[in-house]
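J.: I have a structure here, written as structure tokens, and I will follow up with some questions on it.
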Amino acid sequence: MLYVGGVDVDGPWLPINRSVSYLVTAGKDITLVAKVDSSSLTRKPAMKWLKGKWLDLVSKAGKHLQFKESYDRNTKIYTYEMSIIKVVDGDAGGYRCEVTSKDKCDSCTFEVSELKQRSAFLRSEDAGELDFSALLKKRKGKKPEEPKEEVDVWEILKAAKPCDYEKIAFQYGITDLRGMLKMLKKMKGETKKSDVFLSKLDPAYSVDHGKRIQLTVEVADPNATIQWLKNGQEIKPSAKYVFENVGNKRTLTINKCNLSDDAAYECVVGEEKSSTEVFEGEFFYGDELNRETAGSKYRFKKDGKKHILIINEATREDIGTYYVFTSGGESKAELEVEEKELEVLQSIADLTLKAAEQAVFKCEVSDEKVTGKWFKDGVEVEASDRIKISHIGRTHKLTIDDVKPSDAGDYTFVPDGYALSLSAKLNFLDPPKIHLDASGSGNKNVITVVAGNKLRFDVEVTGEPAPTVCWSKGEQVVCEAEGRVRVETRKTLSSFVIDGAERADEGLYTISVNNPAGEDKAEIFVRIVDVPNPPENVKCTSVGEDSATVTWEPPSFDGGVPIKGYLMERKKTGSARWTKLNFDVYEATTYEAKKMIEGVLYEMRVFAVNGIGISQPSVSSKPFMPIAPTGEPTHLLVDDVTDTTCALKWRPPEKIGAGGIDGYIIEYCKEGSDQWVQANEEPVAKNQYRVKGLPVGEKMLFRVVAVNVAGRSPPATLSQAVTIREIMENPKIRVPRRLRTKLITLVGEKVNLVIPFQGKPRPVVTWFKDDVLLEDKSVGIRTSEVDTILFIRSAERTHSGKYTLSVQIENVSDSADIHIQVVEKPGPPINVVVTDVWGFNAALEWKPPKDDGNCEIIGYTIQKSDKKTEEWFTIYEHNRRPSCTVSDLVMGNEYSFRVFSENICGLSEVPGISKNTAVITKTDLLFKSPPFQEKDMSSSPKFTAPLLDRSVIAGYTVAISCAVRGNPKPKIIWMKNNMTIEGDPKFLMQNNQGVLTLNIRKPSLFDGGRYSCKAVNEFGEDSVECKLEVRGMPGVLKLWQSE
């Protein structure tokens, strides 16, 4: 069964044989099988069987060609089979199978050749077991064939593929295939030189069944790694396949060759390869055995129907295939001759040694005559002064003195002539060592890295076996893994890597190595340097007219490198543009910025500089303004003095400047002293201040200083000292202007009277109402040192009256009267009656209301209502007398009347309604209508609405309109540029009740001009005109209309 190949849509095809040839005996069957792995396919692959280039064999399916397909759900493998039943001459030729899946496609080609039974050594598929039922007899020779045309077989062989050599040898009767191959090699001459191979494999090799064959190549690089392939599959070392490396030569030895070793072999080095084919000897013609040629080696025996061939003292030369032919058919059998097995009495053992020790590998086999070879890592070991090889009886020994690291490896003993090998490993122990300049001392290795850069620290580590390397920081182990901080390990090198170093990576790192021979440690201190942090607490401490002094604190972190200095920048508040103040590094932390504009707000920021670079900018300072101090306050004077206090007043300075004034500082001192004491902790914003806690009777000096961002102004000082003693002042009431007249308020409103007074010492305040001491609890009174307050939460009419305020100091007093009147709306008038009715008039009278609302009645409002509608209408407002005459009454109606009284609060809530009504009676009247006279409506035409000038865009319908009147109906004439418009379908004229409209459909530039409309009848005519401007269409609009 032939496995043609497989498929994988994600990778390359994995064919077993890409291009192969097969010999098939005529009349026999052959089956070709292709397997496809569909585990990664999304759909079922399509398979085609082709002969030649284009012939699809599926269309030829029948008894001769049969196709089969199966699917294994477990392995997801599709199996496709093509069977050729009873091969004939026409089946020979090239075949191809193609597998496709979506956009993936691959194919495999093979050739089928028919082999006719012309030799006694051809195998038959249906041959039975070996049964010599008859003696081997010499066959009669064949009749000589007729001479054929001579053919140059060597030319055919030189142009043929190695896989076709066997077929050509059969075809032309060549029995010595080995000699043919040697001759063909000489004829082909030297092969093309290769950079990898000094000598390649021969095109083909021939080997007898059961024999051994060696395939040898010579490579240019003695350390090159090679790979041996058989039919595309890698060969693994075993007892059957032995690999040997001697210098530049690489040898593959195949023991006990059989039919399975008849294949294509390749030696691959990198991307280059050397190919050959091995042919097994059973395919070739052999010798015929009979009684005459057998000699003493072979004996023939017949026992009834049994025919027996006896081989005396069989050797490996007798290995092969034996055939027996009878008149009824043929039979064959394989003869294998096995040598006596070699027993291993003692195998070699693994050794683990240190430097300068002795290594002894010893083994013992059953046959003391057996010789052998020692190999190290596939290379034969040569004896020397240090390496000794001995063979004493059945013991084979390899001794290595003064063991070195290069002696470590795999050692193998191979007995000559036997497919047997004994292997052991020599392990060299070398204590681990870290190769650092100061690894053995107490000093630390310091590595300085700039933050953000990559650190790669390579440490050479030696030791045998290869030691285990461990990096750690404190108790935290740095693992060998992908990441920013990682360890990369190679053969003798351990690399500590930090990608993008950060401040947190700084610290002491430890590398420790250990193996069975010992351990070693080293410490490395990784120092991370960076730009410093920004300076802190940037602020302005003082300002001048065009300068400012700024201070700051050094950064909290200097980046691991000393600070060299600072760079300053400033900008105007609200602007985004920063201006550099210095280009050379400034070392101090106080800086005076100059050349600034007075009255403009500025901000400043500072950068710190170290050996690595410049820090980020600091937080901007609070806005500050370069200004000069203000002038001194003016008009300082004493406003009041008591036994312990003094009240001062002053005015702002004449020169204030752009910085304004933040407040004032008041200071005092005793007369004759220069120790000024500040009276207020914080500057006061007002222009007055009372200094408290002064000593009684002392003479004190006072001064006031204006303060702003620029500092203190010159002081304003009193010219004379002030004696701290209370001054006697007569009481006096200062009545507000609005309270000097009567205070009128509504019922329910609040009353709040604030009346200031003066006097020293503090006067006694007393309130009276209508000359009686005020004791009404609904009236509240509050008194302070400078004023008194009288308040009523909800005024009542009983609160009306005269209120008297009295202030008294000892025997001196002062008083003031305040009149309060609480009012409300009046009551309704009383006794409203209709006293007289005449014609269309009626006379009313009434009496004033009983309740005038605590104020004068200023008038009355009179309303009337007829019985039909019962709706009230106002007749008079603000009528001052208690009577009135109502006129213009309607005849036949009956009227009622009502009256509202009015004071300063408004109209009364309820009116006074008349007790009787006024009835206006009808009188006899005769109306004589004038005779009807028809009016003449005839008139000449006259336009009541003119035409208006218009400006329109070409292509858009426009209408112009006007209006005309006239009797009889006038005739309408439309004209353009004084030419009558008639019969043009572009113009539509309409007349709707005298409204005239001219519609112009999609006007062009030529339709512009002066349009007029004329109206004519028998009494005259009239006309109007307008100007129509037609503008060109804009480009975008034209494009839109065209679309």
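Just so you know, glycine gets a Cβ as well, placed from its N, Cα and C.
A TrEMBL annotation is a machine prediction, not a hand-curated record.
I grabbed these lines from TrEMBL:
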DOMAIN    12-113  domain 'Ig-like'
DOMAIN    194-279  domain 'Ig-like'
DOMAIN    340-412  domain 'Ig-like'
DOMAIN    432-525  domain 'Ig-like'
DOMAIN    534-630  domain 'Fibronectin type-III'
DOMAIN    632-727  domain 'Fibronectin type-III'
DOMAIN    731-819  domain 'Ig-like'
DOMAIN    828-924  domain 'Fibronectin type-III'
DOMAIN    941-1031  domain 'Ig-like'
J.: How do the residues of the domain 'Ig-like' (731-819) split into helix, strand and coil according to DSSP?
T.: 6 helix, 53 strand, 30 coil
J.: By DSSP, what is the split of the domain 'Ig-like' (340-412) into helix, strand and coil residues?
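T.: Counting residues by DSSP class gives 3 helix, 37 strand, 33 coil.
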J.: Of the residues in the domain 'Fibronectin type-III' (828-924), how many are helix, strand and coil by DSSP?
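T.: The breakdown for the domain 'Fibronectin type-III' (828-924) reads 0 helix, 51 strand, 46 coil.
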J.: By DSSP assignment, list the helix, strand and coil residue numbers for the domain 'Fibronectin type-III' (632-727), in that order.
T.: 0 helix, 45 strand, 51 coil
